[in-house]
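Structure first, then comments.
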Amino acid sequence: MKRQEFRQKSNWQLIFALIIIIFSIYIYLYLNNSVEINLATSWAFGLIVGFILQRSRICFTAALRDPFLFGLTKLSRALILSTIIITIGFAYIQYQQQLGGLPIEGKFVPLGWHIPIGAFIFGLGAAVSGGCASGTLIRLGEGYKLQWIVIVGFIAGSVHGSYDASFWYQLIRSQKSTHLPQLLGWGNALALQIIFLLLLYLLSYWWEKHKF
Amino acid sequence: MDKYLDCTGEPCPLPLIKTEKEMNKLKIGDKLFIELDHTCSMTNIPEWARKKNYEVETEEVDFGEWQITITKTN
């Protein structure tokens with residue numbers, strides 16, 4: 001393809017992007033004014049998170065796969081760094097909620113066999129389809145035809161998963177979920193988690209050095 | 001001998017696995033041309049090749065299609 005033709009196509013793409021941005025702002029304003037503010041905020045956050053995920057090229061599947069296949073740990077280290085940031089941010093939010101006497105936000109699930117079993121099934125799917133949940137959605141938007149098949153399986157699997165959910169929850173109902181800050185205190189829990197993550201970071205850095 | 005690798009339509013990590021195999025077969029000074037359309041591999045392959053101290057060139061040949069040229073230098 002000639003450069004000129006390529007440029008012209010790029011211009012068309014820019015106009016299309018502008019139309020979509022204006023349309024998104026319109027949806028935000030509509031949700032904000034006539035439906036519910038929470039929905040409008042969710043819409044805005046969804047767009048921002050999607051944009052960052054797409055532009056940063058972060059791939060959770062690759063972050064966990066590339067160290068073993070190729071010895072590349074750049075994505076894993078990015079993931080560990082973002083987990084450190086999330087840890088600090090969530091600790092702050094949860095701490096404020098506890099001070100205010102509010103229920104603590106977050107997903108609390110007790111440890112058990114359901115985690116390795118679920119992770120194995122998810123990992124099989126991610127390896128075959130070439131992407132985890134967010135990766136599949138991003139590539140769908142980027143225009144990969146393969147992901148259209150994946151999204152059908154994704155929806156079917158999710159539906160079947162929620163159909164089976166009562167069976168899985170029944171396995172773990174009797175156990176109590178662990179919240180480290182309540183067990184160790186906020187300072188200790190935070191320090192433990194961050195030190196552990198930093199060690200993982202160093203380990204992956206060393207692994208890449210060892211492989212190349 | 002230079003080698004051409006067509007990886008269009010193949011998702012991550014297949015292009016890099018194939019690249020790794022082909023690079024092992026090439027002699028020093030040979031070039032590998034890889035055609036691909038998966039954005040993840042577009043970051044994956046150059047990063048891997050640069051870590052290996054190979055010479056890397058990338059070019060977007062069409063919308064969402066790239067050609068990577070790797071020269072085996074060691």
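Quick reminder: no glycine exception, Cβ is built from N, Cα and C everywhere.
Heads up, TrEMBL stuff is auto-annotated, nobody curated it.
Taken from TrEMBL, the feature transmembrane segment applies to A:12-31 (among others).
Under the heading transmembrane segment, TrEMBL lists A:37-54 (among others). Counting residues 6+ beyond its ends, the transmembrane segment (A:37-54) has Cβ neighbours under 8 Å at 24, 27-29, 31, 134, 137-138, 141-142 in the same chain.
Marked as transmembrane segment by TrEMBL: A:75-93 (among others).
Taken from TrEMBL, the feature transmembrane segment applies to A:113-134 (among others).
Same-chain residues lying 6+ beyond the ends of the transmembrane segment (A:146-163) with a Cβ under 8 Å from its Cβ atoms: 125, 129-131, 133, 136-137, 139-140. Taken from TrEMBL, the feature transmembrane segment covers A:146-163 (among others).
The transmembrane segment annotation in TrEMBL covers A:183-207 (among others).
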Long-range Cβ contacts under 8 Å made by the transmembrane segment (A:113-134), restricted to residues 6 or more beyond its ends, are 53, 59-61, 64-65, 146-147, 150, 153-154, 157, 168, 171-172
